[in-house]
């Protein structure tokens, strides 16, 4: 195969060369296609680089996908492209929508099934858990409902099928189907659910399959579950289908009490389920008595006496009516005539008295537990009203207190939340406080940036208080020991002579009173009057509680101190201006320095006033200092200042009561220190100024006067 020196098309080469083969044409087409793909990849890489540099570039500017080019033409001429391509695409779509296979050498096509709905796909994808938490898993509670339904089937219908003639050869298959369905639920509970229940051993939650299975097999419940499935139905071959042979199914009673506990834990108002359960106890006792009465009537003979059931009407309803009148001791029943009837009736009376009294007591306990909170509220209300009446409290105050009791009970369902949480551990109280109140406290700007755990600890110290419309939360000038966070409602900052002018309205999620809480020393007085606009529910944080918390969080303490300093500085500016104004009214302001004295100071500065004061300090010393360290006398006196009026020796100290005088060399400044009574002294400075400066100063003073 000859190599081409140029990169031209081999088909256009010299005619003298050998004919080009099919393989050569194919390789050339592949090479061209590879070159095109390389260019496309390079362009795609450049576009991605541009997008990385500028992520906000619009997607509309991105180039569209390049159209696919036809493959290089093969040596045989291609058939007409359009129709062939359409037919091929349609065939591929049909192949995708249908399932093809061969059956006995013949092709078979089965249409593709429609897509499965999402809910059905979720059920198919569900995998049964390897372990189940019996206290929090809702699936286990649902399963207990089915197990309890199977148990109730046996509890309620075994006596009915034994006493009443409701089980007949025509419907025996329906009864057996229901019985074996309940047995299947029993077996599934023993084999699938109970061996997967988690348990606690030594404080640890055990989730191992083997340990859970072994633990279940060692419990009393496993033994009762196995006995409840004892196959006494084998005696059907001898006695026929007798429902009493299914009596062991009633031994699975533990699941009923477990279901009661789980329902009370799941329901928001558990007392409703307790009332229903107690009512079912009473109905079941009447149900058993009705079955026994029909069995006794059948034993004596239906309609044989006036006391027994006469066989007319619905047997179960009439016997149930007799049971209600007997157990509740309503009376009005026919007198028994035979010994069996008398004994049966006596037993009914005794059982009815005890059973009915027990049911009444249980119902009272259930209702009492359901209304315990309301009874406590009523007791507190009555005690408060009695106290107010005994001390002749004004009627308007009594009405406000009653309104507070009523609104607090209706809004919170309790009078004091702390009484409810006091029995819980500190960690659980904190968790409940975080879930209830963190969303409100987290919005307070004062605590933003503080330690998150510090905020959690603070939530447990908050106390909820309800204020009535018009109640003053705090008044100006009071000692502030609390900070307030508005949970619900609004408060207003008021002022004016009658405290009716509203300056600002503060709504839920805001905080006020933080200045008194964070200030130290004498800055803990209230600076405004705040009253409730309507019913307002506020959180109160005590100053001592916050101080106890901040001991453990020094960083948060520093942050709050900075914020408090900013607040105090901002709030003290108008107070200081007002204090200055009041002081100006009592003590007149000090007048400005006269211009004459300013001129004297200027001349003194030029003449060397610094040396004058230094000399005066050296001369005027107490006697004590002179005795301790005698002054050194220079042989050459200084040029300035010189003492002319009191030429006393420099080594001698001045006595108390003597007058000291010093002046400059040119006598332009004379300083005189004159003693007065009680240790006071007067400093006098005499300045001899130039005539021009003196005249200007006098003219200025006259102009000002």
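In case you wondered, yes, glycine gets a Cβ from its N, Cα and C as well.
Note that the structure is predicted; figures quoted are calculated from it, not measured.
Residues or ranges marked as compositional bias 'Polar residues' by TrEMBL: 21-30. Under the heading compositional bias 'Pro residues', TrEMBL lists 69-81, 632-641. The compositional bias 'Low complexity' annotation in TrEMBL covers 622-631. The domain 'Cyclic nucleotide-binding' feature in TrEMBL is assigned to 446-550. Annotation comment: TrEMBL describes 1-94, 567-591, 620-677 as region 'Disordered'. The transmembrane segment annotation in TrEMBL covers 138-160, 172-193, 226-245, 271-295, 346-363.
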Request  = Look over the recorded stretches 138-160, 271-295, 346-363 and say which has the most C-beta pairs under 8 A to the transmembrane segment (172-193).
outcome  = 138-160
Note = Mean per-residue pLDDT in the domain 'Cyclic nucleotide-binding' (446-550) works out to 85
Request  = Report the listed stretch (226-245, 271-295, 346-363) having the maximum count of Cβ pairs within less than 8 Å of the transmembrane segment (138-160).
outcome  = 271-295
Query = What parts of the chain pack near the transmembrane segment (271-295), using Cβ distances under 8 Å and only residues at least 6 beyond its ends?
reply = 155-156, 159-160, 162-164, 260, 263-264, 309, 315-316, 319-320, 322-324, 326-327, 344, 348, 351-352, 355-356, 359, 362-363, 366-367, 369-370
Ask   = Under an 8 Å Cβ to Cβ limit, what residues of the same chain, 6 or more beyond the ends of the transmembrane segment (226-245), are close to it?
value = 157-158, 161-162, 167, 172, 175-176, 183, 186-187, 190, 251-252
Counts by DSSP class (helix H/G/I, strand E/B, coil) across the domain 'Cyclic nucleotide-binding' (446-550) = 23 helix, 41 strand, 41 coil
